[in-house]
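*Asks:* Structure provided below as structure tokens; questions to follow.
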Protein chains: 4
Amino acid sequence: MRVGVLTGGGDCPGLNAVIRAVVRKGVQRYDYEFLGYKDGWRGPLQGRATRLDIPAVRGILPRGGTVLGSSRTNPFNEADGVRRIKDNLAKDRVDALIAIGGEDTLGVAARLCAEYGIRCVGVPKTIDNDLSATDYTFGFDTAVNIATEAIDRLHTTAESHMRVLVVEVMGRHAGWIALHSGMAGGANVILIPEHRFDLDEVCGWVTSRFRASYAPIVVVAEGAMPKDGDLVLKNAAAEDAFGHVRLSGVGEWLAGEIERRTGKEARTIVLGHVQRGGTPSAFDRWLATRFGLHAISAVRDGDFGTMVALRGTDIVRVPLGEATARLKTVPADRYEEAKVLFG
Amino acid sequence: MRVGVLTGGGDCPGLNAVIRAVVRKGVQRYDYEFLGYKDGWRGPLQGRATRLDIPAVRGILPRGGTVLGSSRTNPFNEADGVRRIKDNLAKDRVDALIAIGGEDTLGVAARLCAEYGIRCVGVPKTIDNDLSATDYTFGFDTAVNIATEAIDRLHTTAESHMRVLVVEVMGRHAGWIALHSGMAGGANVILIPEHRFDLDEVCGWVTSRFRASYAPIVVVAEGAMPKDGDLVLKNAAAEDAFGHVRLSGVGEWLAGEIERRTGKEARTIVLGHVQRGGTPSAFDRWLATRFGLHAISAVRDGDFGTMVALRGTDIVRVPLGEATARLKTVPADRYEEAKVLFG
Amino acid sequence: MRVGVLTGGGDCPGLNAVIRAVVRKGVQRYDYEFLGYKDGWRGPLQGRATRLDIPAVRGILPRGGTVLGSSRTNPFNEADGVRRIKDNLAKDRVDALIAIGGEDTLGVAARLCAEYGIRCVGVPKTIDNDLSATDYTFGFDTAVNIATEAIDRLHTTAESHMRVLVVEVMGRHAGWIALHSGMAGGANVILIPEHRFDLDEVCGWVTSRFRASYAPIVVVAEGAMPKDGDLVLKNAAAEDAFGHVRLSGVGEWLAGEIERRTGKEARTIVLGHVQRGGTPSAFDRWLATRFGLHAISAVRDGDFGTMVALRGTDIVRVPLGEATARLKTVPADRYEEAKVLFG
Amino acid sequence: MRVGVLTGGGDCPGLNAVIRAVVRKGVQRYDYEFLGYKDGWRGPLQGRATRLDIPAVRGILPRGGTVLGSSRTNPFNEADGVRRIKDNLAKDRVDALIAIGGEDTLGVAARLCAEYGIRCVGVPKTIDNDLSATDYTFGFDTAVNIATEAIDRLHTTAESHMRVLVVEVMGRHAGWIALHSGMAGGANVILIPEHRFDLDEVCGWVTSRFRASYAPIVVVAEGAMPKDGDLVLKNAAAEDAFGHVRLSGVGEWLAGEIERRTGKEARTIVLGHVQRGGTPSAFDRWLATRFGLHAISAVRDGDFGTMVALRGTDIVRVPLGEATARLKTVPADRYEEAKVLFG
């Protein structure tokens, strides 16, 4: 048996841990061979692969990123994409594929499996934790830890200068990172994409915090929007003198508004890519390793068209199609639960 | 409504986060008053308490340990213990108690509630993660992170000197910390109390690792035992010249045996108390905060005799008695799952 | 003897460690009393102070920020400033002042001491490490550690996506943070204010890195400027739709230029306030503690008008005036030393 | 020009950073070739070497340990040692050697250079920071950071249970790690090898701490000794049932004595190998990188028989012989300086 492995979409701490676990178990327990396709779906499309054996995965468990590289290439958007993939898999004598990725990468796997008979098993990956089929995805815990550490650091600056600090974290469509890091970091306001915020209410929380002689930290997901959000987006995009389009993030915009309305100094910190790089947390290494161990078992069992997922403390298999069907957003009651700590 | 809060047993990162969440929500949402009893059950027994209001819980979220102090005092072992507790609660006009602790502390709460009508809600705490009623307890993730970081550091020393390093982690009765940190840290052998180990097999893994020119890390829970374990315990206890009884830990003993049998240099590192102190991980702060928010809601609902617990991503209530009935140990299949990575 | 203490300017990890050391030694060894003035020079100006004794400084050693608060208030810019300070010191029966701060704060202390006979001892503080009288200032090592950790995290993202990552770190006038964190993080290009950079040369290093199939990290101090820098600054300031003036940082501008010129995707990360908050590194706690211990000894010795400073591993006293006379920038040979690692 | 590189003695964070800097500068600036000898002096003795070029040193900057391996082999203790080294260097066409190591490794280099004309440049390495020729050695800052973090974590445990915690850190002959981490961690007592301690005085500090209702942390260097120390060493060594010689460390012994004399519970934590492994701190990477850059310049300049050293912020060259002549211990006045914070 020869198995191909690929990683697609944005990088995420834990990808290498999945690859290592797949190869270690596949080689030692089942005597399989492995081929690592480079840069997501671009790899099998262009026939770019590298041999994966046990020495090749040595030492990669604690390393962020992916040794296989990644891309957002979608073979369904490429001329003759599916046929080229089938040809390359045949040429490489690859019997099955393990695709590690998010909605897009797994969506391709689901179609290739269902419509074209390519034998795929999926491993879910999204730093945003927004796949409905699994309790958690790896990378998320690392991102939350990094954001929480940053919030910890910012508290002392906010207090020393009696300033508002606005921390913009990842989360375009789902507010999980903001919710978890905001709760863990003791933020005074948490704003998420699922719930359009009211600027007056935000300023009320900020002001009440100062009244108790403390300085507030506002955590805002990059996709959070005010109630009059369309206006914002229209205006915040601007072209600079060198022709670069500059998009004012919600964090910077929000700090400006808070300053204008409350008269308190406000500063923004955009955590950005730091959240998604570097060594995975212990939880993410454990989850990614278990995902890898179970993914190769699914291959062994011939259980194609499935994806591994975490439910409680169990790893289960779910249909690939279901996995990507629905975005997992923060439910209203979970946001309400946190809101009692605002202000 | 006036609510008493106490923390019992060994300290654990996240205790302060529970206290803060209880008080913040209780005061802001329900307008309750709070009394913090000092040093576990010794507090209500001796009537030692301190007022808990919002300023009192400020800034404690990221701090390890417990601002209330802790003890292993059991009122059922004290003369007239229950009556003294009832008297002190009455004197303090405390209507309900939130007890944060492990098996022992919650066992007392269960009996006081069931047999003596004292209105208690429990919050589970064990760094070992061995309570069967909840998927996770806070403190565990922090301990696993610390142990994993230590293992990360030790890999380079092992490799540089081609030595075996034996890392002894916490876990007298359950191997969760060893299992999770061992998997996350890429240990080559993991030994847990649930499964008596075979020294020959351990030495086999160690030797095979050297054969591949790497140096092995062995993670061993403090409660792990060899197949001929009784012999070991009898001999390892010794009295030193000053009359201190010295118990040789399993880690040190194991390193000695490995060295003797394989001829490879072996060293032991006992992580000890470092695992249970200091700032909680983001996960533990989030879990502890949610436990606190739900515990005070249980008080509000008059749902006494219950304990909060994590199931998947939900916080639920379970009967206090059930909570402490059964130790949650590592199931055989979970250990098997990890074993494919040994050697 | 009663001694006043104040902290001025931007917050910096280690301020609390200085305060604690001053008070611990002053009380225990010399039996002094202490008054903490709030918010830098605004404190003695407005007579706002708090008693500092040993319980008041308990537990503050590892905490970032300053328990005394800070400001940029300059009494020489305030009506009747000096007289109000003298009156308040007299009213508070304060015999000497320890001023902890940067160029501005210490400049005030120097003048108050030299021109008005107010007995001052200074402790140097600048996260940028740009005071010529001392080998290092506390806060700097912490900032470098944080920036280095961020660069570590970003390497894996850069590699996984074959992108240029531009990291903007603090340093308006001196490039020490960029130089140290860039060297420690293995950056491929380091740009500092002391040396105007050539965009073509920067793009050459970036391209050569890709040619070796790696992805580059560019570390740029916020004050670094291209050879045609005036043009940039003029254009990068823009007003957004809400009337906030937005200044495009050099990092974002540089990423845009690199992308345009090399055709490689480039992203910016602005570390910002995260660099200056949170718990100090061990080095900074040690240095700040020693500064505090020696500052109170200078008071004891009546050695006013001086500032403590680090020379090698010794703490020495230098005249306050000298201390702030000249900015310590990165010498050309130190930049050359690092340059061999570029590309 | 072909240059050999070797690392000897105990591993230390920063060794790889030196190797990388040597090779990067040597190849890029001087067009040298490099050979990495394996396992310290055993490498040239046995002719075991590996080619070092730029790809070979890629990514090793942040990694602890040494990619070249290490040993304590001393060619002067081997039959025909010097001749075999000379033969192997000739066979490998190696013109000069860079030896990275401590007293022993550099002592060999000094003799080989002075007595046998082998062209050597030294880079000092000792995690204990006890070489008199240099202000700091790399690895030390990392060790101090790790020990300080551990002390931070232990404070909350000590407070929660009102226990004495004794932390044993590295330092057989010099107390630098204990002094720096103890000061940075806010230890209540620091005991170092340079100053025999008085148990009564230690117990006095411990008791006074409890009187102020706090719990003490005692930091003790592994080489610290009580005034009646000979007695201790004689008794603390014991043989266990399996024939392993067990030496009771000073930490464990001290905790026992404190418990016996003060009646307070005391626990020991031995940090051990965790202090010397893992990724170097930013300071250590910076120092090690600069040492490497300057060592290869010394080779270029033909300045053999020298060692690089840090003086203030400058890297200088000192004679190899001088470098290892005298142990740098903690001077009495530096210990006195810290002592005001005890109790």
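Count begins at 1; order follows the chain as displayed.
Quick reminder: no glycine exception, Cβ is built from N, Cα and C everywhere.
Automatic, uncurated: that is what TrEMBL annotation is.
Among the features that TrEMBL reports, domain 'Phosphofructokinase' is placed at C:2-298. The diphosphate binding site annotation in TrEMBL covers C:G10. The Mg(2+) binding site annotation in TrEMBL covers C:E103. According to TrEMBL, the feature site 'Important for catalytic activity and substrate specificity' maps to C:D104. The site 'Important for catalytic activity' feature in TrEMBL is assigned to C:K125. The substrate binding site annotation in TrEMBL covers C:T126, C:I127, C:D128, C:R163, C:M170, C:G171, C:R172, C:E222, C:R267, C:H273, C:V274, C:Q275, C:R276. Per TrEMBL, active site, proton acceptor is recorded for C:D128.
Distances, neighbours, how buried they are, the whole picture for these features please.
*Replies:* Secondary structure at C:G10 (diphosphate binding site), as computed by DSSP, is coil. When other Cβ atoms within 10 Å of the Cβ of C:G10 (diphosphate binding site) are tallied across all protein chains shown, the result is 19.
Counting only residues at least six positions away in the same chain, the Cβ atoms of C:T126, C:L131, C:T324 sit under 8 Å from the Cβ of C:E103 (Mg(2+) binding site). Secondary structure from DSSP puts C:E103 (Mg(2+) binding site) in a helix.
Around C:D104 (site 'Important for catalytic activity and substrate specificity'), the same-chain residues at least 6 positions away in sequence with a Cβ under 8 Å from its Cβ are C:G8, C:G9, C:R72, C:N74.
The Cβ of C:K125 (site 'Important for catalytic activity') has C:T7, C:G9, C:C12, C:G14, C:L15, C:V18, C:I100, C:G101, C:G102, C:T105, C:T137, C:F138, C:G139 as same-chain neighbours under 8 Å, each 6 or more residues away in sequence.
Counting every protein chain shown, the number of other Cβ atoms lying within 10 Å of the Cβ of C:M170 (substrate binding site) is 25. DSSP assigns C:M170 (substrate binding site) to coil, not to a helix or a strand.
Sequence-distant neighbours of C:D128 (substrate binding site) (same chain, six or more apart, CB under 8 Å from its CB) are C:F140, C:M170, C:G171, C:R172, C:H173, C:A174, C:W176, C:I177, listed in sequence order.
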*Asks:* Distance between C:R276 (substrate binding site) and C:G10 (diphosphate binding site) at the Cα atoms, whole Å?
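*Replies:* The separation of the Cα atoms works out to 9 Å.
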*Asks:* Could you work out which of the binding-site residues (C:R172, C:R267) has its C-beta surrounded by the smallest number of other C-beta atoms within 10 A?
*Replies:* C:R172
*Asks:* Just name the recorded positions among C:K125, C:R172, C:R267, C:V274, C:R276 whose Cβ comes within less than 8 Å of a chain A Cβ; none is a fine answer.
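*Replies:* Cβ contacts with A, in sequence order: C:R267, C:V274, C:R276.
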*Asks:* How big is the gap, in Å, between the Cα of C:R267 (substrate binding site) and that of C:G10 (diphosphate binding site), rounded to a whole number?
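*Replies:* Rounded to a whole number, the Cα-Cα distance is 28 Å.
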*Asks:* Per the record, substrate is bound by C:T126, C:I127, C:D128, C:R163, C:M170, C:G171, C:R172, C:E222, C:R267, C:H273, C:V274, C:Q275, C:R276: how many Å separate the farthest pair of Cα atoms?
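*Replies:* Overall maximum Cα spacing for these binding residues reaches 33 Å.
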*Asks:* Taking the Cβ of C:V274 (substrate binding site) as the reference point, list residues of the same chain whose Cβ is under 8 angstroms away and which are at least six residues distant in sequence.
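*Replies:* Long-range Cβ contacts: C:I146, C:A150.
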*Asks:* What is the Cβ neighbour count of C:T126 (substrate binding site) at a 10 Å cut-off, with all protein chains included?
*Replies:* 24
*Asks:* Tell me, how many other CB atoms lie within 10 A of the CB of C:R276 (substrate binding site), whichever protein chain they belong to?
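*Replies:* A count of 25.
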*Asks:* Within the domain 'Phosphofructokinase' (C:2-298), what mean pLDDT does the predicted structure show?
*Replies:* 93
*Asks:* I want to verify one value. Collapsing DSSP to three states, which class is C:T126 (substrate binding site)?
*Replies:* coil
